[in-house]
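Going by Swiss-Prot, these are the annotated features:
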BINDING   D454, D460, E463, E464  Mg(2+) binding site
DOMAIN    39-148  domain 'tRNA-binding'
DOMAIN    401-476  domain 'B5'
DOMAIN    701-794  domain 'FDX-ACB'
Amino acid sequence: MKFSESWLREWVNPAVSREALSHQITMAGLEVDGVDAVAAEFNGVVIGEVVECGLHPDADKLRVTKVSVGSSELIDIVCGAPNCRQGLKVAVAMVGAVLPGDFKIKKAKLRGMPSEGMLCSYSELGIDIDSDGIIELPLDAPLGTDLREYLKLDDAVIEVDLTANRADCLGMVGLAREVGVLNRQAVTEPQWQAVTPTTDAKVTINVKESAACPRYLGRVVKNVNVKAATPLWMQEKLRRSGIRSIDPIVDITNFVLVEFGQPMHAFDLAKLTGDIQVRLGNGEEKITLLDGSEVTIPSDTLVIADDARPLALAGVFGGEYSGVSDTTQDILLECAFFAPLAIMGKSRRLGLHTDSSHRFERGVDPEMQHKVIDRATRLVLDICGGEAGPVVEAKSDADLPKPAQILLRRSKLDKILGHYVPDSDVVEILERLGFSVVKGEGCWQVITATYRFDMAIEEDLIEEVARIYGYNNIPNVAPIASLRMSDHKETDLSLKRVRSLLVARGFQEAVTYSFVDPKLQNLVHPGEQAMVLPNPISSEMSAMRLSMFTGLLTAVGYNQSRQQGRVRLFETGLRFVPDINAESGVRQQAMLGCVITGPQNDEHWAMESKTVDFFDLKGDLEAIIGLTVSASEFSFRVATHSALHPGQCAEILRNDRVIGHIGAIHPSLEKPFGLNGKTIVFELELDALLHTSLPLAQAVSKFPANRRDIAVVVDESVSAGDVMKLIRKVGENQLVGINLFDVYLGKGVEPGKKSLAIALTLQDTTRTLEEKEIAETVESVVSALKTEFNASLRD
């Protein structure tokens, strides 16, 4: 909703600045989106009249004029505007004037002819009006008057973002009421002479859907001059409300729309056949609208029709056939109340959204129609002339909405606000809002206003009291509450620690949708059944995720397409696996997923550029596992997964139970997800990760540690993890450290075999180990490896 400050102040003029007024409106819940000047800064521009206008002797497109600005001397001005002509009232920038952009007007010669000023267009003065040529002012504009003063250009356009419940403020009358209430000032509505019918011309109105249209008014106005000029004051008020001037009849209906928030429509009376009918479409009728588009009218859509055809979509859009044109002489003014539910959604279904439907969907005042049709008729008579007939009304009192009756309790008011507002203030606020208030014992019986469709329950009234009383006048009081420490098992690893570790290792947390593209998910989990949403946001978001892979891979592709070469993401969330044995038929599991791609490190002169591989992400996962005291319970095992590379995939196990997978993305998935380069992922069950054991404090041994390196040759199929696990088991008493520092295949090692170089660190907490003891431990390790894996020491 746009409106000019000056127009608002015609209704109510509080003694506050523009900034304070905007702040008041915002704090009242009508958020001010912007305040813009109606014109750029300029000075020295006055109203003049072109007394003489002739062609320039040396330029076909220039005109030499003599202009009067009310003084005894005429001013010579050379002008290039095509609409410059004798007798025209114009905007004259005098010598010394400063126009927008710090453009100063000086005496000059154009093609040899003197020019002592400039005839201005709207754009040259920073006024947003589409117009060819110079400004054309009304013939009664007073010569010599400052243009800023005449057009009231020291004004601002205020744009308010209204919520759907405040339809009463979709007109100047509602905004003025709000400002008046906030400043304890009375609202001065415009005054006009009531219209007395001067002709008996009228139409018969037949409302067949009274629940959808409880009130319909029609009035004939004969012999109107549709070619009359819309007054400049009306054009300016419409422009500052974001509406361009079209013709006087349309301008008048738009003007009362902005003034009172009540949509109207005008029909060409000569195009009507028989009675006016308000009925539903039959599902087969078509209508060409005022914008030239043709629509088929659904059977549940309300229309205005005559005996021959539909004339308009009720409350939405007028029809082209019956619209006012240059040849119109007699018009029928329509002013109606349409029930919000009768209009709601109809315009959007047809791809339309109009100022009328916007208001009717939210609700207009059902008691406003008589006043508005009289206001519009008076404006038509004053601007276009003509003779007005009587107002014809079709009304269903039973279907007209009634003001809500709401009981407001003092106890409920105090409880919700947490602050005592005196009884006198409560009554004053509600009455200033136009409500009727009757005091009871510890309560008030309130009858709301007809224009407040959003008043239905007690909390609505409490909000109004708080809003007008002022949120800033309600002190901040800390709630009284008993604090209790939350339960936390020491055997549980907190998710916060896991998140912090991943962030410290260069990851960023992603939050993806729980519903994913079923086509992409089928590539990741072929043949697995997923939950399908009955009403998805879109077809690409219609399946619940079976793992974190789909969302994370989509996020990687999104980032890579935006020049992000190095991507490291993690996400925690639920996966949804159909399970007939689970509650509601779905098993929800909390999961942790990570993905990396691109270089290991950000580009740096002292670092070699190297692409991430399987072991980079495995190292990150082992760092997470290291947060638990139960790291020895975790292991990895070569496996296969439909989404992972068959040669670079492993299961993640805890106590020999599979809790997740890690590996490189299968090459067949790179193109569908838009992946560029090797991508490594893992996913595991959070519950299996976060449960740990209490740490046991141990003294640090003061005796020296001893390192022994062994190189064992095993089959290529033997997992290094299994080898390390066996060594740890055999040497658990004295072996304090195991490190695989080399894997070798090639010369000196038989085909099908590999060499594992392992560092063994031995230490005792009570004494220094002797060489014999160390040798025995190493020998027991080698012997166990030989027995289990047919391993041999490499020479």
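The backbone N, Cα and C atoms fix where each Cβ goes, glycine too.
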CB contacts for E464 (Mg(2+) binding site) [other CB atoms within 10 A, all chains]: 23
Any further residue of that chain within 8 Å (Cβ to the Cβ centroid of D454, D460, E463, E464) of the recorded Mg(2+) site: N165, R452, M455, E459, L461, I462, R467
Cβ neighbours within the same chain of D454 (Mg(2+) binding site) - under 8 Å, at least six residues apart: N165, R166, A167, D168, D460
Mean of pLDDT values spanning the domain 'FDX-ACB' (701-794): 90
Count of other CB atoms lying within 10 Å of the CB belonging to E463 (Mg(2+) binding site): 17
Residue counts (helix, strand, coil, in that order) that DSSP gives for the domain 'tRNA-binding' (39-148): 5 helix, 53 strand, 52 coil
Where E463 (Mg(2+) binding site) sits in the secondary structure, as DSSP reduces it to three classes: helix
For D460 (Mg(2+) binding site), the number of other Cβ atoms found within 10 Å of its own Cβ: 17
Tally of residues which DSSP labels helix, strand or coil - the domain 'B5' (401-476): 33 helix, 15 strand, 28 coil
DSSP-assigned states of the domain 'FDX-ACB' (701-794) in counts, ordered helix, strand, coil: 30 helix, 32 strand, 32 coil
